[in-house]
Structure formats: C-alpha cells, structure tokens
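These features come from TrEMBL:
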- 67-345: domain 'Tr-type G' (DOMAIN)
- 76-83, 143-147, 197-200: GTP binding site (BINDING)
Amino acid sequence: MAMARRSASHLLSSFRPFSLLLQPLADAPSPAAAAAAASARRAMSSASALRARGDDKELARWRESMDRMRNIGISAHIDSGKTTLTERVLYYTGRIHEIHEVRGRDGVGAKMDSMDLEREKGITIQSAATYCTWNGYQINIIDTPGHVDFTVEVERALRVLDGAILVLCSVGGVQSQSITVDRQMKRYEIPRVAFINKLDRMGADPWKVLNQARAKLRHQSAAVQVPIGLEEEFEGLVDLVELKALKFEGGSGQEVVTSDVPSNMQDFVMDKRRELIEVVSEVDDQLAEAFLNDEPITANELKAAIRRATVARKFIPVYMGSAFKNKGVQPLLNGVLDYLPCPLEVENIALDQNKSEEKVSLSGTPAGPLVALAFKLEEGRFGQLTYLRIYEGVIRKGDFIQNVNTGKKIKVPRLVRMHSNEMEDIQEAHAGQIVAVFGVDCSSGDTFTDGSVKYTMTSMHVAEPVMSLAVNPISKDSGGQFSKALNRFQREDPTFRVGLDPESGQTIISGMGELHLDIYVERIRREYKVDAKVGKPRVNFRESITQRAEFDYLHKKQSGGQGQYGRVCGYIEPLPSDAEGKFEFDNMIIGQAIPSNFIPAIEKGFKEACNSGSLIGHPVENIRITLTDGASHQVDSSELAFKLAAIYAFRQCYTAAKPVILEPVMKVELKFPTEFQGTVTGDINKRKGIIVGNDQEGDDTVVVCHVPLNNMFGYSTALRSMTQSAAAMFCYRSIDILLHAWVIPAICEEIRTCISWRLRASINIQSLITMGNITSYTRN
C-alpha cells in the first residue's frame with residue numbers, strides 16, 4: 001500500500017514542470033502547480049499506459065508540452081480592438097518584428113487581416129489562426145470577426161478553443177455583439193478573461209463597463225488591475241494580485257517597468273483588492289475559508305483561487321489597457337497563462353458511432369487514438385486547406401486518416417501550422433494543437449480518426465440565413481467561373497446558401513446580412529474576374545378569381561389541308577377554402593359531345609393557361625374549371641385543336657371572373673431591447689405590417705407581426721440599424737417547407753383566399769398560415 005502511494009506520488013511529481021519541483025513544499029501551491037496536478041489526474045490512464053511501456057521520457061515530453069499550451073480566441077463587438085490587440089501580442093512575443101495598423105494605412109496592414117478587402121474596409125472578415133511563444137508557453141490564437149454578419153467564424157473558432165479573451169471597449173461598453181459573443185462562449189462552455197480596451201480614449205470609464213458586464217452579461221467578474229489615470233493621462237496599471245505598479249516604456253511599450261503602488265492610490269487599490277477577494281470567495285471555498293477567518297491572503301493563494309474559479313467558469317478576471325497605445329498587453333498575456341486552462345483541463349466529449357452515439361470522454365493525450373475535428377475550410381494556393389483541432393492522438397505527415405462521416409481513408413500529403421496566411425511545414429502534431437492539412441476532401445464539421453475508433457465530435461451551431469439577393473453573371477461566358485465561385489464559398493461558409501428559384505429562374509444567394517453578401521459578390525469579382533448583377537429577388541405573386549364565369553369558345557381554323565376544330569363550354573369558379581388542391585378540372589359532359597381521348601388535351605390546355613394570368617402574368621391558383629359541353633369534327637378535331645380551344649376559352653372568361661392579385665404575407669417574430677420598441681413598431685407600420693402579438697421577456701420585447709413579403713427586403717439590415725444590432729429575428733419552419741399566405745391587397749378588410757406555396761423568400765422566416773376568417777390551408 002505504501003509502495004502504491006509512493007508510486008502515485010512519484011507519478012504526480014513527474015508531471016510538474018521542473019521549476020515547480022524546486023519550490024519549498026511549505027509554500028502555497030502556485031496556479032501552475034495546481035493546474036499540473038489537475039491535468040495529471042485527468043490523464044492518469046494514458047500516462048499509466050506509457051509508463052507501462054517504459055516510455056518515461058516520451059511521457060515527460062508530451063506532458064510538459066501539453067501543460068505549456070494555451071488555445072485561445074479573441075472575440076468582441078466590431079471595432080473594439082481585437083485585431084489591434086492580436087498585432088501587439090504577436091509583436092511582444094517575437095512573431096512579428098514591426099507593428100502595423102488596421103486598414104493598412106502604411107500600405108501593409110495588420111498581420112491577421114491578410115485579405116485586401118479586410119485592409120480596405122478595416123474589419124475582420126475571416127477568422128485567422130496563428131501561434132506564438134510567451135514565457136516558455138505556446139499560445140495558439142484565433143482572431144475572429146466582430147461584425148454580426150460573420151458570426152459563423154466566431155462559432156467555429158469557439159467550438160475548438162479551450163479559452164478566450166472577451167474584449168470590451170471602455171467607451172462603448174457592453175454592446176450588442178458583445179452580448180452575442182458572450183452567449184456563444186457560454187454555449188461552448190469556454191473559460192474566459194475580459195480585457196477592457198481603449199482606456200486612452202476620451203470618455204473611457206472601465207468601472208461603468210465592469211458594471212455593465214455584471215448586469216447585462218450576468219458575469220461574476222472583478223478587476224485584477226486598476227488604471228493609473230484615464231484618457232490622455234493614462235500612464236499604466238496597478239496589479240491587484242501582486243500589488244505592483246506597471247508602466248510600459250520604450251518605443252512600442254515593450255519594456256514593462258515594475259514599481260510600488262503610487263501613494264495617492266493606496267486606499268483605492270486596497271479597496272479594489274478586497275472587492276476582488278470578496279467576489280472570488282463567493283465561488284471558491286478555499287479562498288472563502290481564509291477570507292472569513294481574516295487570514296492574510298498571499299499572491300499565490302489569490303492566483304490559485306482565481307485560476308480554479310476561471311477554469312470552472314465561475315469567475316471572469318478583468319484586465320485593462322490600451323492596445324493601440326501599447327499598454328497592458330503583456331500582463332494580459334501573463335493572465336492567459338495563469339488563469340486559462342491547458343488542453344488537459346478541458347473535458348471534450350465524443351460520440352461513439354459503434355455504440356449508438358454513446359458519449360465518450362477523451363483523455364486529450366497523444367497516447368490515445370487520433371481524434372481530430374475539421375472546423376474550417378479555405379481555398380488555398382495548393383488546393384483545399386482544412387483546419388484541424390486535434391483532441392487526442394498524433395497526426396503525422398504521410399499517415400492515413402479516416403473520415404468517420406464519409407468512411408473514406410485519406411493520406412495526409414502535407415501538414416502545416418498557420419501564421420495568418422503564412423504556412424510552416426511540420427512533420428507531426430499531437431493532441432491539443434491546431435494545424436492545417438492540404439489535399440483532404442471533406443466538409444466543415446467532419447471528424448477524422450486513425451481508423452481504430454469510430455468517434456465523431458459534436459457539430460457547431462449554424463444560424464439560418466436572414467437575407468437573400470438575386471445574382472447573375474453579366475457575361476454569359478463567365479458562367480463556369482461563377483458556379484465555381486459559388487460552390488467554393490458554400491463549402492467554406494455554412495451560412496452562405498445558394499439556390500435556384502424554379503419560377504423566376506434567378507440564382508438566389510442567402511446569408512447573414514447585406515455586408516455578408518456584398519463581400520462575397522466583391523470576392524467573386526476580384527478572385528474569379530466575374531462581374532455579377534445583383535438585385536432584389538422577384539416576389540412570386542399569384543392571381544385568383546373571386547366569382548363564377550361562363551365560357552363557350554369555338555376554335556376553328558382552315559388554311560388548306562387538315563384544319564383545326566374544337567369547341568368547349570363550361571364555367572370557372574373559385575375553390576372553397578377547405579379544398580385540398582389549388583387547381584381542379586371536372587368533366588361533366590354527358591354523352592360523346594367531345595370524344596374522351598381529347599379530354600386530357602383540354603385539361604392540359606387549361607393548366608397551361610393558368611400558368612400566366614392576364615393581370616400581371618403570374619400563375620392563377622385556387623380555381624376549379626368545369627367542362628359541361630362542346631363539339632368536335634370527325635376530320636379536323638385533334639388534341640392540339642382542343643388544347644388551343646381551352647387556352648382561348650380561359651382567356652375569354654377570365655376577366656368576367658373578377659381576378660385579383662394575391663400577395664405573400666410573412667409572419668415575423670422580433671426580439672429586441674424594450675428601449676427600441678417605438679422605433680421598431682413604427683417601422684413595421686411603415687411596411688404595412690400588422691402587429692398581432694406583444695410580450696415581455698426580461699429586458700426584451702417580443703413582437704409578432706404580419707408583414708407583406710414585398711416590403712421585407714433588406715429588413716434585417718434596417719432592424720440592426722434601428723436597434724444597434726441588438727435585435728433578433730427568429731426563423732420558423734414547418735417540415736422544411738416555407739408556408740406562405742396570399743392576401744388580396746385591394747381587399748384589406750376581408751381575406752378571400754389563402755394558399756400555400758413553396759418559395760425561396762427574401763428573408764428566411766415562416767409565413768402567415770391563417771389570416772382573417774380563413775382557418776385552413778393547403779400543404780405541398
């Protein structure tokens with residue numbers, strides 16, 4: 001028994017970094033030591049397997065490598081300084097040797113904004129991966145877009161990361177996309193630290209932002225730093241854990257000078273430190289016990305408590321600084337190492353396809369079978385570039401890997417590590433790393449293994465498109481390149497959809513917003529040299545009749561040879577509301593006035609006539625045609641003659657049936673902050689909408705309304721402008737078919753007709769099923 005304890009003790013100590021072993025045992029455990037012990041427990045089974053093979057050196061090598069690795073993402077509202085912060089991180093860690101600004105004012109641009117469009121517009125469009133080294137730790141970073149139109153880039157980045165930095169603007173505070181990004185982090189259970197940026201700007205107030213984070217984001221958070229001055233007087237920071245003042249000197253703030261806390265800030269700093277200890281004590285029992293007993297709390301004890309609470313997602317430490325002014329970035333990097341988890345501290349769940357998708361907890365060690373997730377695809381110079389997050393095992397150049405989703409076995413021809421748009425060839429990568437491979441044909445969300453297991457990782461959340469455009473190439477000769485571009489963008493971006501409207505023949509592209517689609521149209525022009533014409537999708541109106549009308553038409557034509565003769569008599573009338581179809585043809589002829597072999601031709605003629613009404617040329621629906629009499633000729637009657645007779649008969653009586661135009665009306669559900677209620681409802685009224693429901697959900701208002709589809713084009717963009725991108729428009733489906741109600745604009749007070757129609761709408765929301773006194777509909 002004693003020997004077993006000694007073995008376990010030896011195993012745990014072997015997992016510690018060498019520097020930790022030199023510390024006295026009586027000292028309070030540092031956060032890194034606590035992390036190492038926690039990681040050791042999670043990896044015990046794989047470690048035992050390696051030790052059983054006598055592979056102690058290999059065990060120590062990968063264990064130290066995993067302990068000294070962080071996978072983080074940087075996310076925020078647009079224009080909060082994410083890319084600027086990443087640029088400074090790369091500079092201070094030695095990955096780049098010169099700082100360049102966003103928008104490429106100096107002709108170079110930020111390293112992570114590699115696309116020309118990103119540098120021109122000054123926004124991040126695609127997430128970009130890189131890696132750097134800080135204090136002996138490897139940090140894999142993914143810089144994500146801040147605009148709501150590119151939210152899928154944030155989704156797939158957070159799906160594969162172990163931690164994140166939530167950047168907040170000290171002037172703008174918690175903004176709409178800050179709330180969205182925080183919700184995404186909660187969905188994927190991502191531990192995070194917050195960074196309040198832009199303290200040098202006029203109006204900067206970090207304490208207001210901290211209170212907003214607690215109120216709007218429901219964060220259990222506290223500052224671990226306080227600024228020395230604000231706005232133009234912003235000089236540095238005070239570390240509340242170590243109780244040291246930090247100032248950033250040198251041409252680019254690369255020299256961090258440590259000094260004592262300024263005397264005029266002593267009381268304020270001690271109050272904020274006590275507040276930090278109180279907030280952390282609420283979620284950490286060990287610190288709470290020391291705090292309640294009035295015991296002095298050392299820096300190491302406070303660090304360890306903050307780390308435990310952060311990794312457990314119970315607390316969010318808040319850092320401060322100004323990335324643009326090169327202040328506060330190095331302490332933030334230290335915070336990433338101190339408080340965010342290594343890959344072994346994060347639980348990853350796979351689904352075993354051989355056991356009815358039974359959940360399997362992955363050990364996260366290179367000793368296990370290979371399990372990797374393809375989370376992003378990109379068309380590179382050498383073919384498709386597939387980004388992989390390795391959750392378990394090792395992948396090597398030349399290895400054969402199996403796509404669990406398709407069953408295909410693929411050889412890895414080239415393995416690279418990404419630095420924005422630059423690539424570094426590597427021979428192997430182990431669990432916890434983010435790499436890319438060339439020449440692997442797959443889809444986003446596919447899982448790869450070495451073939452010994454059949455595990456799949458859970459997929460990421462993909463939002464439904466909210467806006468559509470009709471797009472066609474100007475030149476007919478460029479159709480091939482145009483199709484190639486659309487196919488590539490569909491593979492890269494799950495929120496970008498392409499379809500063909502069967503009625504209008506238009507190519508319809510759908511996405512997350514106007515900017516999202518504009519970027520793709522511009523990329524088609526730049527990357528594929530195809531000029532495209534973009535416009536509003538055609539709204540497919542309908543026509544119908546409102547009363548019965550008789551027809552009696554004789555089609556007679558003689559021009560030498562066999563002539564044409566056919567007479568049809570009968571009436572047309574609107575279908576009742578409970579009818580199963582939209583077109584009915586009844587043959588009520590008694591006797592052989594028209595031979596039975598000509599009846600199908602007559603029905604075909606009426607159907608063809610209904611394809612285009614005389615009002616606006618759209619299809620006619622909800623109509624019953626009854627044939628009561630007719631006449632034929634022994635020689636001149638034919639199927640063509642009776643078909644033409646039916647077409648002309650329909651046109652003859654259509655006007656007498658008082659036709660009307662039917663318009664699609666959509667059912668829209670909106671959720672937005674209550675402060676914007678007046679603006680949103682006023683806009684709905686301008687669009688001829690009718691509000692049918694109004695409810696309150698916490699701080700938000702939920703409105704249900706009926707709006708004509710023709711007035712909904714571009715509404716998602718307008719709604720974001722009215723609500724500062726804080727509104728959500730919900731999507732509804734019924735068996736994957738969009739149901740549309742068609743109403744008569746000329747008769748607003750009474751709905752006479754209600755039909756359903758499968759249609760690619762300009763906005764992906766469920767249509768109104770019932771209106772007025774109509775309670776039934778037809779489902780295709």
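Glycine too: its Cβ is placed from the backbone N, Cα and C atoms.
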Under 8 Å by Cβ from Thr144 (GTP binding site), same chain, sequence gap 6 or more: Gly73, Ile74, Ser75, Lys82, Thr124, Ser127, Glu153, Val154, Ala157, Leu158
Tertiary neighbours of Asp79 (GTP binding site) (same chain, Cβ under 8 Å, six or more apart): Ile123, Gly146, Cys169
Mean of the pLDDT scores, which run from 0 to 100, over the domain 'Tr-type G' (67-345): 88
Intrachain C-beta neighbours of Ala76 (GTP binding site), sequence separation six or more, cut-off 8 angstroms: Lys82, Gly146, Leu166, Val167, Leu168, Cys169, Gln177, Ser178, Val181
Cβ-Cβ neighbours of His147 (GTP binding site) (radius 10 Å): 22
Least Cβ-crowded entry, counting other Cβ within 10 Å, from the binding-site residues listed as Lys82, Leu199: Leu199
